[in-house]
Amino acid sequence: MQGLLFSTLLLAGLAQFCCRVQGTGPLDTTPEGRPGEVSDAPQRKQFCHWPCKCPQQKPRCPPGVSLVRDGCGCCKICAKQPGEICNEADLCDPHKGLYCDYSVDRPRYETGVCAYLVAVGCEFNQVHYHNGQVFQPNPLFSCLCVSGAIGCTPLFIPKLAGSHCSGAKGGKKSDQSNCSLEPLLQQLSTSYKTMPAYRNLPLIWKKKCLVQATKWTPCSRTCGMGISNRVTNENSNCEMRKEKRLCYIQPCDSNILKTIKIPKGKTCQPTFQLSKAEKFVFSGCSSTQSYKPTFCGICLDKRCCIPNKSKMITIQFDCPNEGSFKWKMLWITSCVCQRNCREPGDIFSELKIL
């Protein structure tokens, strides 16, 4: 009887072993004895590997691209820019408000695309507008703010011939509200051609590419660190892209401006410098070197001083969290004082009504 029982248990054990080897055996059980569940979650690729293995030389990032530590906490990398592929190791540029959007890679959420964290608003004539907000800066235009950019369309289509404002016909009076704007609208039809977007671009042949570039826009701030931009195709792919640079016209400290000495018999001091060199600060990071830049000065009358001659330099910034990045910057060599003062970012500054 005992031999029969032993044989039965042995055969049952062998059968269970064979079934498991063939993959047809019973499901694994949990520690509590319940049948385990097979997970349907896809396996994600592991981008981080420890211990860390980093190249001996740090990567050289293009100007404007941050040098940061990767998401694994190991090596220095060039941060990914808007539209580039990112993952848990290849981080997006933190100094530009970017994050890795994994929404397209469902359900793995393994790789994403760098995108801006929040759609920023717009600033025009010292007034802040929210993203998507429609506003009317003057009677001629209606504008829309979209992620820091402003687009405007004319509210009127001028009629250059057959004007109903030339005189009343049949004893009827014309609408004086529209007639008062008609001289402005007539000039609007041609004056737009003087704006920067319609000017001929400077042309340069370089490496089989016809290089084109618009003029740099005025600095976004009259004091402190600002940004100016232009559109150019001076790149490896010869594609039209927006290029940005830092600009620093004047310090914002009013006490510094009070110390500027205007020569006797003069009403303006076009340029001035601080007594000692200082480091630039941008996005919470400071320049690796100290600089003594030339600033545009002040006038006793209503004139303002703007850069006249300048060159471009590259500034290296280091951050508290061991990251770093480079930016191109406007380096002023001389300034000129004029009565035609414009607010920074005024997109209508060159639209002249004659």
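Any Cβ shown, glycine's included, is placed from N, Cα and C.
Each of CYS299, CYS304, CYS305 is a candidate, yet Swiss-Prot gives the disulfide link of CYS341 to CYS304. Among CYS74, CYS75, CYS100, the one Swiss-Prot lists as the disulfide partner of CYS86 is CYS100. For CYS78, the disulfide partner named by Swiss-Prot among CYS52, CYS54, CYS61, CYS92 is CYS61. For CYS48, the disulfide partner recorded in Swiss-Prot among CYS54, CYS72, CYS74 is CYS72. Note: Swiss-Prot links CYS74 through a disulfide bond to CYS52 (candidates: CYS52, CYS114). Looking up CYS335 in Swiss-Prot gives a disulphide bond whose other cysteine, out of CYS296, CYS299, CYS319, CYS337, is CYS296. Partner cysteine of CYS92, as given in Swiss-Prot, is CYS114 (from among CYS114, CYS122, disulfide bond). Considering only the disulfide-bonded residues CYS114, CYS268, CYS285, CYS337, the residue whose Cα is spatially closest to the Cα of CYS72 (disulfide bond) is CYS114. Cα to Cα, CYS304 (disulfide bond) and CYS337 (disulfide bond) are separated by 5 Å. Over the domain 'TSP type-1' (208-253), the average per-residue pLDDT in this prediction is 82.
Cβ neighbour count for CYS52 (disulfide bond) (all protein chains, 10 Å cutoff from its Cβ): 11. Each residue of the domain 'CTCK' (268-342) gets a DSSP state, and the totals for helix, strand and coil are 0 helix, 47 strand, 28 coil.
In the three-state DSSP scheme, CYS75 (disulfide bond) is classed as coil.
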